[in-house]
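Engineer: Please see the structure below; I have some questions.
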Amino acid sequence: MSKIKYTKFFRYLLAFLHLFLGINGLIGGLLFMMRPDGSYLQMDSTWLKHSLFSNFFIPGLLLFTFIGLMSILTCYGVFTNKENNYFNVLNIYSDRNWAWTYSLYSGIITIVWINIQMILTSFFWLQPIIIFIGLAIIVLTLVPGVMDYYQLLKTQNA
């Protein structure tokens, strides 16, 4: 396989992981906000006894926003590779498309989210899977061919 085919495969895999993570974040966050006692997801509110929260509403809102919406937005950006000045506000890598940077953010946020969750709540079987997805997102984002694909063209002043 050529470098271009590998890069395309890695980009599609990256987009799929963001889509999977985003759908799970949106559904999980929405279910927590609809039933803050955690009953829709069969979560016991006693899991929150060592946390700042008395119910799952705020964690659900954070999950919906930072894992769900951000991952869906990043999936769109990974597929389209379109520039957007609005999203560039949070892009700390000015030589890369915002989607590349958001992909890196998304992987880091996911790993931090699950680690905090594991510290504050009881173990849940899905946590190691989500950590693996976060790590895979970071690794795929840092593949040289993927990095090159999202490199912005430099323009020279005449």
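Cβ from N, Cα, C; glycine included.
Pasting the relevant annotations from TrEMBL:
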| type | residues | note |
| --- | --- | --- |
| TRANSMEM | 12-33 | transmembrane segment |
| TRANSMEM | 53-79 | transmembrane segment |
| TRANSMEM | 99-119 | transmembrane segment |
| TRANSMEM | 125-147 | transmembrane segment |
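Buried or exposed, and what's around them? Tell me for each listed feature.
Structural biologist: Among residues of the same chain six or more beyond the transmembrane segment (12-33), those with a C-beta under 8 A of the stretch's C-beta atoms are 40-41, 43, 56-57, 59-72, 74-75, 78-79, 103, 106, 110, 130, 133-134, 136-137, 140-141, 146.
Same-chain neighbours of the transmembrane segment (99-119): 14, 18, 21, 62-63, 66-67, 70-71, 73-74, 76-78, 80-81, 87, 90-93, 127, 130-131, 133-138, 140-142, 146-147, 150, counting only residues six or more beyond its ends whose CB sits under 8 Å from a CB of the stretch.
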